[in-house]
Amino acid sequence: QLQNKILILTICAAGIGGTFQYGYNISIINAPASYIQTFMNTTWLERTGVPLESNVVLLLWSFTVSAYPLGGLTGAVVAGPMAIMLGRKMSLLLNNVFVIIAATLSGFSRMAKSFEMIMLSRFFTGVNAGVSMNIQPMYLAESAPKKLRGAVALTSASFTALGLVLGQVVGLRELLGGEESWPFLLASNVVPALIQLTALPWLPESPRYLLIDRGDKESCISALQKLRGTSDLSAELEEMLAEQAAVKGQRAKNPWELFRNRALRWQLVSIVVLSSAMQLCGNDSMYFYAAYVFQEAGIPQDKIPYVVIGTGSCELITSVTCNVIIDYAGRRPLLLGGYIFMAGWAIVFMVALSQQTQISWMPYLSMACIFAYILSFGIGPAGVTGVLPTEVFDQMSRPAAYMICGSLLWFNLFLVGTAFPFIVKSLAHFCYIPFLVVCVCTALYVWFFLPETKGKSFLEISEEFRKRNFKTKTRGGFYKGPEEIKTTPL
């Protein structure tokens with residue numbers, strides 16, 4: 001059916017220039033690391049006649065790597081105002097400007113003999129990823145029908161995983177990962193940007209944004225007709241009008257207002273816990289230090305890039321599987337199962353690492369643990385975490401909630417990337433103990449405090465959280481208060 005095709009095209013057009021870029025740009029920087037460090041040293045030698053010391057080269061490389069999460073944090077902060085003022089679709093389109101600037105800088109860096117251009121390029125690439133990580137799930141969840149909302153929003157995680165795998169493949173020495181071609185590898189992120197700029201303008205804006213934020217009912221109906229076809233829109237439109245009435249007279253909230261608003265307490269705690277856990281669970285450490293971990297596990301140096309592609313493929317397979325089952329299984333079971341399995345595999349992984357010199361088959365168990373850990377992450381936390389802010393916050397709070405989520409995600413990515421080498425140095429084979437603690441605590445939080453959102457309208461989810469947020473007022477013998485709270489239009 002045409003409407004299904006329009007929805008699928010919307011998902012693909014948003015994803016290819018959106019979260020795909022996040023995964024792609026995380027992985028393409030790993031392959032040319034040694035070549036870029038050599039380029040830094042050679043460039044400095046040509047400028048000054050004095051070579052750089054090895055620790056200075058390492059420091060410059062650290063700045064280059066750190067520029068990405070710093071840019072991501074910047075992107076996460078500007079994403080909220082962009083989504084409110086420009087709309088979801090226009091924000092995604094304008095976001096490609098950052099990638100085009102980044103590709104130009106990195107593509108011409110060797111010709112200009114400037115490693116500073118690579119650092120700046122990574123910053124702009126991060127800004128692009130920060131914006132898309134926030135706005136893409138919001139755009140897709142607001143555009144999807146209720147029964148498919150989880151699956152559609154979860155495609156953001158699938159595109160991230162696809163980006164990781166393609167980045168690993170393109171970064172192979174046989175393709176663009178060689179010494180002569182690394183500037184082209186870093187500039188190759190312009191291709192997805194150009195695809196999005198070509199495809200997305202023809203597709204509809206978020207109907208919810210058009211009606212609730214802009215008050216444009218005609219454009220909303222037009223967008224819904226494109227996305228749903230000739231099917232009866234009255235029920236969905238009625239639900240959206242009810243949501244519009246519930247937030248009437250309100251303006252889009254700022255992040256600090258969410259912290260002060262008691263009616264949003266548990267929603268905020270939930271997204272802070274889950275967004276932090278997504279990075280602090282140790283999954284990205286597998287990608288940042290995969291080569292190191294596989295080397296420790298006894299994999300030959302020349303085979304490591306191919307094994308690393310397998311790790312990305314694991315996350316891709318599980319995120320696609322999660323897409324299929326999320327609207328059947330629900331959000332809570334996937335999150336709970338993911339973190340419980342990750343905790344279990346972290347224990348096995350640490351035991352395997354500690355025994356790998358004593359027992360001949362232990363390196364293979366270490367490898368299996370890495371794959372199992374990434375599979376467990378992909379089946380739940382990787383995708384569900386990005387869906388929840390759209391579902392648990394209303395239209396006026398949603399952009400601010402994504403700003404908080406995105407800021408936590410990028411700050412914790414930077415924190416783990418900086419701290420993990422020191423954790424390895426101090427804890428050696430037991431380096432996953434901090435991640436194990438995070439997984440166990442997050443699983444407990446999900447079990448005790450997070451309600452299921454599967455198949456519920458945004459208003460029904462808001463009502464469920466409202467009961468939790470004002471639970472203390474229902475105790476004792478004073479009964480009128482809760483009734484007043486229940487009937488408030490807020």
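Cβ atoms here come from the backbone N, Cα and C positions, even for glycine.
Positions annotated as domain 'Major facilitator superfamily (MFS) profile' by TrEMBL: 11-454.
Counting residues 6+ beyond its ends, the transmembrane segment (7-24) has Cβ neighbours under 8 Å at 72, 92, 95-96, 99, 125, 128-129, 132-133, 135-137, 139-140, 143-144, 152, 155-167, 189, 192-193, 195-197, 199-200, 203-204, 227, 312 in the same chain. Summarising the annotation, TrEMBL assigns transmembrane segment to 7-24 (among others).
Summarising the annotation, TrEMBL assigns transmembrane segment to 58-80 (among others).
According to TrEMBL, the feature transmembrane segment maps to 92-112 (among others).
Sequence annotations record features per position, and here TrEMBL assigns transmembrane segment to 118-139 (among others).
Packing against the transmembrane segment (151-170) from elsewhere in the chain are residues 7, 11, 15-16, 18-28, 30-31, 133, 136-137, 140-141, 143-144, 176-177, 185, 188, 287, 305, 308-309, 312-313, 315-316, 319-320, 322-324, 326-327, 378, 382-384, 386-387, 390: each is 6 or more residues past its ends and has a CB under 8 Å from a CB in it. Per TrEMBL, the feature transmembrane segment maps to 151-170 (among others).
Per TrEMBL, the feature transmembrane segment maps to 182-203 (among others). Within the same chain, residues 6, 9-10, 12-14, 16-18, 20-21, 24-25, 28-29, 31-32, 35-36, 89, 92-93, 96, 99-100, 102-104, 106-111, 118, 121, 125, 128, 170-171, 176, 226 sit at least 6 positions outside the transmembrane segment (182-203) and bring their C-beta atoms closer than 8 Å to a C-beta of that stretch.
Among the features that TrEMBL reports, transmembrane segment is placed at 268-292 (among others).
Per TrEMBL, the feature transmembrane segment maps to 304-326 (among others).
Taking Cβ pairs closer than 8 Å, the transmembrane segment (333-353) reaches residues 274, 277, 281-283, 296-297, 322, 325-326, 362-363, 365-366, 369-370, 372-373, 376-377, 379-382, 384-385, 429-433, 435-436, 439-440, 442-443, 446-447, 450 in its own chain, all 6 or more past its ends. Annotated transmembrane segment per TrEMBL: 333-353 (among others), in sequence order.
Residues annotated as transmembrane segment in TrEMBL: 365-388 (among others).
Under the heading transmembrane segment, TrEMBL lists 400-424 (among others). Long-range contacts of the transmembrane segment (400-424) within the same chain, counting only residues at least 6 positions beyond its ends with a Cβ under 8 Å from a Cβ of the stretch, are 65-66, 69-70, 72-73, 75-77, 79-80, 83, 126, 130, 133-135, 137-138, 252-255, 257-258, 267-268, 271-272, 275-276, 278-280, 282, 284-285, 288-289, 292, 386, 389, 392-393, 431, 434.
Among the features that TrEMBL reports, transmembrane segment is placed at 430-450 (among others).
Remote same-chain residues near the transmembrane segment (92-112) are listed as 14, 17-18, 21, 39, 75, 82, 86, 118, 120-125, 127-128, 131-132, 135-136, 139, 183-184, 186-190, 192-194, 196-197, 200-201 (criterion: CB distance under 8 Å, separation of at least six residues from the stretch ends). With a cut-off of 8 Å on Cβ pairs spaced 6 or more residues apart, the transmembrane segment (118-139) and the transmembrane segment (58-80) reach 3 or more such pairs and are scored as touching.
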